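Participant: Below is the structure I would like to discuss, written out as structure tokens.
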Amino acid sequence: MRLSILLGLLPLAPRPPAVDAVEQRSEPAPLIEAQGEMIADKYIVKLKEGSALASLDAAMEKLSGKADHVYKNIFKGFAASLDEKMVEVLRAHPDVEYIEQDAIVNINAEQRNAPWGLARISSTSPGTSTYRYDDSAGQGTCVYVIDTGVEASHPEFEGRAQMVKTYYASSRDGNGHGTHCAGTIGSRTYGVAKKTQIFGVKVLNDQGSGQYSTIISGMDFVANDYRNRNCPNGVVASMSIGGGYSSSVNSAAANLQQSGVMVAVAAGNNNADARNYSPASESSICTVGATDRYDRRSSFSNYGSVLDIFAPGTDILSTWIGGSTRSISGTSMATPHVAGLAAYLMTLGRATASNACRYIAQTANQGDLSNISFGTVNLLAYNNYQG
């Protein structure tokens, strides 16, 4: 069944018998209620692998004013406003794998004061004040910051940052969160990988929130866009965002990782098991928890078996909008440490997109952290600089 035929059903709002023209299924496709703050009448429709998509462009024309997003890369599907009848028609269609209600996603940050994280990831013990690193510093890599945007004109980025996609009227970072994360990844003073290229993808509004359907579209964009960029040493996606569990978001993140992008995500700031949050609960990507300067799990950081690594996340000083700096806390701040470290290691030839998270875990400082719950890794990111 071609996607154009499938999506062509939507504008008609037919009663269930309208699917008689296509092959019937024995049971309707699952209808998943996303955890968290759901959005009324907004749905993400995931098609089965192997569904023919030759007429996707025609389908998009038929959905003019109906589809919010059409996904072509990380998985096949779309997001749209659907009433109950439309949902039931689509659930009966043999090409639909599942339908999930859209939900709100937020940044994972809190306000705080004081810098220290870079020194910690280049040392085997806490309390140091010097960041030690190889001067290659992530050169030849690209890091996508999927967030509130990036203030590319900030002097700390030295012309290495640019906005490449926005889902809002303005590409400007009116929040600061994305710029802060980008600074920890690759700014001149506060960055782990000081020579990487930074690409901003604005999926969250200036209040720091957005829809899962938009997050998925941002990942879909990255999966295609990076192939047209000059990133010979590797590509990373940093996502310091999260919300309640979502099958669609997890699937998108897993497929972005599989496409050749190292995906680092925030564990979340709920002091709870990260398996109940997305994209943190996706096992094939790199889920990052936060620590403080005393090597304690940050009081807010999520935990559990889905975490891969911890990194500094309390009182992290980095770039801010308006050409300034600010110190904030969250697993949002820990994640760019790991994203930057992945880019750094890729340039050195020690890691690739497929194995970077595993390599970081294998070479981490082990057993140094306190306030770690049973079943959670006791691993703190470390760059293993030997110079």
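Using the three backbone atoms N, Cα and C, a Cβ is placed for every residue, glycine included.
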Participant: Choose one of Cys142, Cys286: the cysteine that Swiss-Prot connects to Cys231 by a disulfide bond.
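Facilitator: Recorded disulfide partner of Cys231 in Swiss-Prot: Cys142.
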Participant: Check Swiss-Prot and name the cysteine among Cys181, Cys357 that pairs with Cys286 in a disulfide.
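Facilitator: Answer per Swiss-Prot: Cys357.
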Participant: Could you check which of the recorded positions (Thr124, Asp308, Ser332, Asp368) sits closest to Asp147 (active site, charge relay system), going Cα to Cα?
Facilitator: Ser332
Participant: Summarise the model confidence on the domain 'Peptidase S8' (115-387) as a single mean pLDDT, whole number.
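Facilitator: Over the domain 'Peptidase S8' (115-387), the predicted model scores a mean pLDDT of 96.
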Participant: Where the distance is taken from Cα to Cα, which of the recorded positions His177, Asp308, Ser332 turns out closest to Asp368 (Ca(2+) 2 binding site)?
Facilitator: Asp308
Participant: Of Thr124, His177, Asp308, which recorded positions are close to Ser332 (active site, charge relay system), meaning a Cα within 10 Å of its Cα?
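Facilitator: The recorded positions passing the 10 Å Cα test are His177.
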Participant: Under a three-state reading of DSSP, tell me whether Asp368 (Ca(2+) 2 binding site) is helix, strand or coil.
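Facilitator: It is coil.
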Participant: Translate the DSSP assignment of His177 (active site, charge relay system) into the three-state scheme.
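Facilitator: Going by the DSSP assignment, His177 (active site, charge relay system) falls within a helical segment, counted as helix.
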Participant: Once the chains shown are all counted, how many other Cβ atoms turn up within 10 Å of the Cβ of Ser332 (active site, charge relay system)?
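Facilitator: Its Cβ has 34 other Cβ atoms within 10 Å.
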